[in-house]
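First the structure, in the form of structure tokens, and then the observations on it.
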Amino acid sequence: MFINRWLFSTNHKDIGTLYLLFGAWAGMVGTALSILIRAELGQPGTLLGDDQIYNVIVTAHAFVMIFFMVMPIMIGGFGNWLVPLMIGAPDMAFPRMNNMSFWLLPPSFLLLLASSMIEAGAGTGWTVYPPLAGNLAHGGASVDLTIFSLHLAGVSSILGAINFITTIINMKPPAMTQYQTPLFVWSVLVTAVLLLLSLPVLAAGITMLLTDRNLNTTFFDPAGGGDPILYQHLFWFFGHPEVYILILPGFGMISHIATYYSGKKEPFGYMGMVWAMMSIGFLGFIVWAHHMFTVGMDVDTRAYFTSATMIIAIPTGVKVFSWLATLHGGNIKWSPALLWALGFIFLFTVGGLTGIVLANSSLDVVLHDTYYVVAHFHYVLSMGAVFAIMGGFVHWFPLFSGYTLNQTWAKIHFLIMFVGVNLTFFPQHFLGLSGMPRRYSDYPDAYTMWNTVSSMGSFISLTAVILMVFMVWEAFASKREVSTVELTTTNLEWLNGCPPSYHTFEEPAYVKI
């Protein structure tokens, strides 16, 4: 029955599909918000009213894209679908908890939308810093609703993380060790550990903010012996691991795609890749204050956070060069998925280089809160995470649906998206270097040219999003079924047919090592 299957589901494939659909829908909302931002900034002068409504849109854009698009698709969608298939498990360890993880997200999303509908909205930025987020600057329920929304999304992610850790450690076939699991499984494991360790700190921080706003506590109010900088430390102790949570599953997917379309049986430097991911996960927890170089920390503290941040470039470099080595000498098949992977490797590296620039505390004091930072993190997210999602989608779409996408449309789609995002975000480096600050709805005329170019790019990206919807419709309408899949010996997820049956591995898998 429909309700039993989709509302009360305990099947990892169905829940994965729900996550993918929810993430795609939220992605449309987030894209719409970003188009509003770029429309406002397309020329000097006001389009939408005041800065409050602008900042509400910016805040909602960030939350929607992070918590309701990237995380549900990468961890919930691809994670749920692929992890059990890749390790030969019949399902996730806690199938009902898996369902709850998903169904906490729509209410969370509704709370976030409600926060923008009542009062003046939460125009705090996604960081929700007090005193701007306090009850003086933001009276009314908007920020409280945003906090509750984050609580629900956080609980959802923590439950999901527990589920993935248990599944990956306990549900492998007896003969399979952790070092024989595919890299995507490793990436989800590291991501889950990061979620489990970082989200409780965010929960603590926003709960304190909630009591500051409603119960007269003074955790972040100097008048009562509190300190708003404490909130920043708590938030960024979560916030920095969070950005690695957003990109690590992408690393795993890119490893699979690069290997598959190079005609290789395994990625180059498997153990190096695993240790690089674990190193990135560990280092991600000890660099948080690089987001706070301008709050007046000691020079020795700044020196430490500068060097620690730069160290992350080493394992990241290991991954980039291992991907290139995987491609090297392979029998390259120029599929759309490989194009996304190549685009990812190039653009993620560019974003990483601007990250190295920002790691220097002396330079960051000048560049902090300018469009240089916006350009940096959109290169690693809008062209890192999103390119990985798109690559994973066009690669595994035949597995999920049983149908194939039109390869020509898929390549055209990649091209449009590639041009669009680069045209949107590359000029923002110039704006940042010439001092244009973030989070303002208007700007001096001197910045007009690059803002106009950037806004044009965003509309090209919008075209790509619409084309993707068409591509998916076309695939389901044409019903080109999958005939054969290559390289199944080292890609277990394809072994059960396309799409796999409702229950796979009903008896324990026999794995010969």
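Using the three backbone atoms N, Cα and C, a Cβ is placed for every residue, glycine included.
What you are looking at is a predicted structure, and each value in this text was computed from that prediction instead of being measured.
Under the heading Cu cation binding site, Swiss-Prot lists H240, H290, H291, citing similarity to another entry as support. The Mg(2+) binding site annotation in Swiss-Prot covers H368, D369, and the record cites similarity to another entry as its basis. Per Swiss-Prot, the feature heme a3 binding site maps to H376; the stated evidence is similarity to another entry. What Swiss-Prot lists as topological domain 'Mitochondrial matrix' is 1-11, 87-94, 171-182, 262-269, 328-335, 401-406, 479-513, and the listing cites similarity to another entry. The topological domain 'Mitochondrial intermembrane' annotation in Swiss-Prot covers 41-50, 118-140, 213-227, 287-298, 358-370, 434-446 and is backed by similarity to another entry. Residues or ranges marked as transmembrane segment in Swiss-Prot: 12-40, 51-86, 95-117, 141-170, 183-212, 228-261, 270-286, 299-327, 336-357, 371-400, 407-433, 447-478.
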- request: State the residues, same chain only, that lie 6 or more residues beyond the ends of the topological domain 'Mitochondrial intermembrane' (287-298) and have a CB under 8 A from a CB inside it; answer 'none' if no residue qualifies.
  value: 229, 232-233, 236-237, 239-240, 305-306, 308-309, 312, 358-359, 361, 364-365, 368-369
Task: Count the residues of the topological domain 'Mitochondrial matrix' (401-406) that DSSP assigns to helix (H, G, I), to strand (E, B) and to coil, and report the three numbers in that order.
output: 1 helix, 1 strand, 4 coil
- prompt: Of the stretches 228-261, 270-286, 371-400, 447-478, which racks up the most C-beta pairs under 8 Å with the transmembrane segment (336-357)?
  reply: 371-400
Message: Beyond the listed site residues H240, H290, H291, identify every same-chain residue whose Cβ lies within 8 Å of the center of their Cβ atoms for the Cu cation site.
response: W236, G239, V287, W288, A289, M292, F305, T309
Statement: Spatial hits near H368 (Mg(2+) binding site) (Cα distance within 10 Å) out of the binding-site residues H240, H291, H376 come to H291
Message: For the topological domain 'Mitochondrial matrix' (1-11), report the average pLDDT of the model, please.
response: 96
- prompt: Same-chain Cβ contacts of the topological domain 'Mitochondrial matrix' (171-182) under 8 Å, 6 or more residues past its ends?
  reply: 84, 86-89, 93, 252, 256, 270-271, 274, 492, 508-513
- request: Considering only the recorded stretches 270-286, 299-327, 371-400, 447-478, state which has the highest number of Cβ pairs under 8 Å to the transmembrane segment (228-261).
  value: 371-400
Task: By DSSP assignment, list the helix, strand and coil residue numbers for the topological domain 'Mitochondrial matrix' (262-269), in that order.
output: 0 helix, 0 strand, 8 coil
Collapsed DSSP category at H240 (Cu cation binding site): helix
Message: Below 8 angstroms Cβ to Cβ, which residues of this chain, lying six or more residues outside the topological domain 'Mitochondrial intermembrane' (434-446), approach it?
response: 40-41, 44-46, 48, 50-51, 54-55, 58, 125, 369-371, 373-374
